[in-house]
Amino acid sequence: MGEKPEVLDAVLKETVDLENIPIEEVFENLRCTKEGLTATAAQERLSIFGYNKLEEKKESKFSKFLGFMWNPLSWVMEAAAIMAIALANGGGKPPDWQDFVGIITLLIINSTISFIEENNAGNAAAALMARLAPKAKVLRDGKWKEEDAAVLVPGDIISIKLGDIIPADARLLEGDPLKIDQSALTGESLPVTKGPGDGVYSGSTCKQGEIEAVVIATGVHTFFGKAAHLVDSTNQVGHFQKVLTAIGNFCICSIAVGMIIEIIVMYPIQHRKYRPGIDNLLVLLIGGIPIAMPTVLSVTMAIGSHRLAQQGAITKRMTAIEEMAGMDVLCSDKTGTLTLNKLTVDKYLIEVFARGVDADTVVLMAARASRTENQDAIDAAIVGMLADPKEARAGIREIHFLPFNPTDKRTALTYLDGEGKMHRVSKGAPEQILHLAHNKSDIERRVHAVIDKFAERGLRSLAVAYQEVPEGRKESAGGPWQFIALLPLFDPPRHDSAETIRRALNLGVNVKMITGDQLAIGKETGRRLGMGTNMYPSSALLGQTKDESISALPVDELIEKADGFAGVFPEHKYEIVKRLQARKHICGMTGDGVNDAPALKKADIGIAVDDATDAARSASDIVLTEPGLSVIISAVLTSRAIFQRMKNYTIYAVSITIRIVLGFMLLALIWQFDFPPFMVLIIAILNDGTIMTISKDRVKPSPLPDSWKLAEIFTTGVVLGGYLAMMTVIFFWAAYKTNFFPRVFGVSTLEKTATDDFRKLASAIYLQVSTISQALIFVTRSRSWSFMERPGLLLVVAFFIAQLVATLIAVYANWSFAAIEGIGWGWAGVIWLYNIVFYIPLDLXXFLIRYALSGKAWDLVIEQRIAFTRKKDFGKEQRELQWAHAQRTLHGLQVPDPKIFSETTNFNELNQLAEEAKRRAEIARLRELHTLKGHVESVVKLKGLDIETIQQAYTV
């Protein structure tokens, strides 16, 4: 039976509070039963409520295509096309249709390529995102089915079990209580218990239990969707668009200046005819505008986007690639990104209190007091320490298991051994277990001392106790409890995190840890990862009451130099990004929950990590499909390679604009040489076709964050373009005003004659301009000698094919409509030789420009000692000092000053040198943990043992 929209109107308009009314009224309002919906009813409700996902604005393909033809560069070309046919030719000649058709063809080709590449990249990203779409187990037509979570509707009955991400807002039905992790929504770090009748939110995670639920809200109507809706999808203009506009404006202004000079000289001074003057202006317009620039850059980014997707980073916003190349600060979540998000026990640090018990026995006892199925994180960590999880119940018979509850804060197992004797083991919060112990007063001080030592290292403590139950009944209180041991729990770093952070530092990316955990845990993770321990509680920096010890220093400076932040709330993430951006850093931010969305949106590069919620993915620029930090660093390298290609092209484009404008302007003004506009179109078409291949060029990624340096681009473009223009002017003078080439090479003369029509000279100038202009790309793509850096094969092949075509046109073409005449192979050879000879100084000019722009940069690099140093071997000297210090400390050659480790440093008196010394001493502990001897000494120091006595008895 079909649903009438008005029946569910109250639900759609949210005038009924489905979250708080009795569960029977929920079913009544939703017009559903515990047997679920039929497929037909679900489909009808889907048309009423919409899909269970966040809305995304989609642009029509046609308007997107037109967008590529609607920008300042295209406007200039469109104006040139109109000039070609609208302005009179004079003498009864028809309009220049060939120029008009050529310009329009060039525009359409560029727009089509841009559209196809960007559309393909978008489709690829959409397909990958679709693969990440969550699934849900739903009751339809009386059968349980696995469906995409997007098709859920209010009234559906769903099944929720351990590990599931709740697909929609729902009310729980009959069953055991669930443990729900709502941290992605509310920031609560601990799971909350939800029982029958309680509401659960879309985006939260089930950590324990299994139950059925009725869906009460989907899509934008969920708590999740409303929170995400608050994050404005602002279409702010990115760095890339600003740079593109700046380069385009520079080229347009250069052309405008050239045209104004031509108009002033040609008409009032030279008294040139109307139409030849217009043709000269068209040459500057057509040849000077880098019409292919948006296309080349779009194609380069689209191909780069495919490459990033293969590496596990889906690019939602293309221009994020350019911003990632310049990223110099990455704020990374600790849990799940830097660490495994999986608790483990360090067996070698277990502190045993009972006689005759070793660490393996302690682990076995703790495992017996753990669930073997439907485990929480601590149970999984303990049982995971066993060689085989079955050992937890091997040789015993379980009588009763006491699950964890907030009151007792412990678990316990009552069991019978092989001889039929009853025993009980318990694990839990140390205070609760200590309270059970019969000898509490004797061991209390030692227990607290060990807990404090663990806490200093950022380790959580778990206590284990044991008792015999002589009565043999599970209800019996049993004999005296014996306090067995304290186990240290820690979320270990990923195996590749330390190496990845080292690579990031070498690449000039400063990784800052963001964690909701306490400061000690953050510092211990920092030590193990080698990323520094200069960390602060975020509330001390950004809260209402600032820590007195750091109140004298600017918060922005502390945030900039910090290695991480502990106790972070979602609003702190946003503030951290905002302050880093205020200090001119390009900032990346990782996140996974709805509460991270504002910070992800604010960051220059928002990165949604693996398993992030839809809201985080929606707010982000890049979505990761693999866990860990290494995929981000790989994406940084790939982005820098992509950026290098784009930067190489923009320098080339500016150079060509200057060479065309200056070169042809001088020829027109000095010798009244009218170059055919159609031949400039041919140069543009061949050059643009070749230059497309730069998107797959072989490049070396920059070793440091790379950004658009407009001064460098414009200066290089003006110098190289000016040099090429003078090459053309000198060639024209030698060919037109002297007999140098006929005398030396025996070619026919192109000197001025009484009946000069410039046709052969136009062919010669065409070939000279075409070959050397396109060869310039090999100079702009190189950081050293261009012939020493091997370009991509595709670029080389495209260059030779294009220039073979250009040479054949110059040699054989007799095109009256284009006013050119073939010059033969002799002149073609002379022009190629001329260009090769004058090509070599281009590299020298590029070196001189870099040197001139560098100023005293190297002196600054050597003296700079902050975390954002531009040194290639970032931190090498500091790492060597850390290692030397660690070795001296390890072998007793030097006793470190305990003040170095003081947490209450007076920052007013702290100078830079002392701060560095403090950091070196703290990080040195990491080195101890990475050697066998160092690890032993670490344990010895932690436990306060006598190392000399041990060394006398054992060889370490």
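Glycine is treated like the rest: Cβ placed from N, Cα and C.
Both Arg781 and Leu853 carry the same topological domain label in Swiss-Prot, so the record keeps them on one side of the membrane. Annotated by Swiss-Prot as transmembrane segment, the relevant range among 147-168, 279-300 is 279-300. Taking every listed stretch (248-268, 760-780, 793-813) in turn, the largest tally of C-beta pairs under 8 A with the transmembrane segment (648-669) is reached by 248-268. Same-chain residues lying 6 or more positions outside the topological domain 'Cytoplasmic' (698-713) and placing a CB less than 8 Å from one of its CB atoms are 239, 243, 246-247, 322, 325-328, 506-509, 586, 637-638, 640-641, 643-645, 647-648, 650-651, 654, 781, 783, 790-792, 849-850, 853, 870, 872. There are 24 other Cβ atoms within 10 Å of the Cβ belonging to Asp333 (active site, 4-aspartylphosphate intermediate).
For the transmembrane segment (793-813), the most Cβ-contacting stretch among 279-300, 675-697, 714-734 is 675-697 (pairs under 8 Å). Counting C-beta pairs under 8 angstroms (sequence separation of 6 or more), the transmembrane segment (714-734) reaches the transmembrane segment (823-843) with 3 or more such pairs. For the transmembrane segment (823-843), the most Cβ-contacting stretch among 98-118, 248-268, 279-300, 760-780 is 760-780 (pairs under 8 Å).
DSSP states for the topological domain 'Cytoplasmic' (698-713), grouped as helix (H, G, I), strand (E, B) and coil, give 4 helix, 0 strand, 12 coil. Taking Cβ-Cβ distances under 8 Å and a sequence separation of 6 or more, the neighbours of Asp596 (Mg(2+) binding site) in its chain are Pro570, Lys573, Met589, Ala616, Ala619.
The transmembrane segment (98-118) and the transmembrane segment (279-300) are in contact, since at least 3 Cβ pairs between them lie under 8 Å (pairs 6 or more apart in sequence). Mapped onto three states, the DSSP output places Asp596 (Mg(2+) binding site) in helix.
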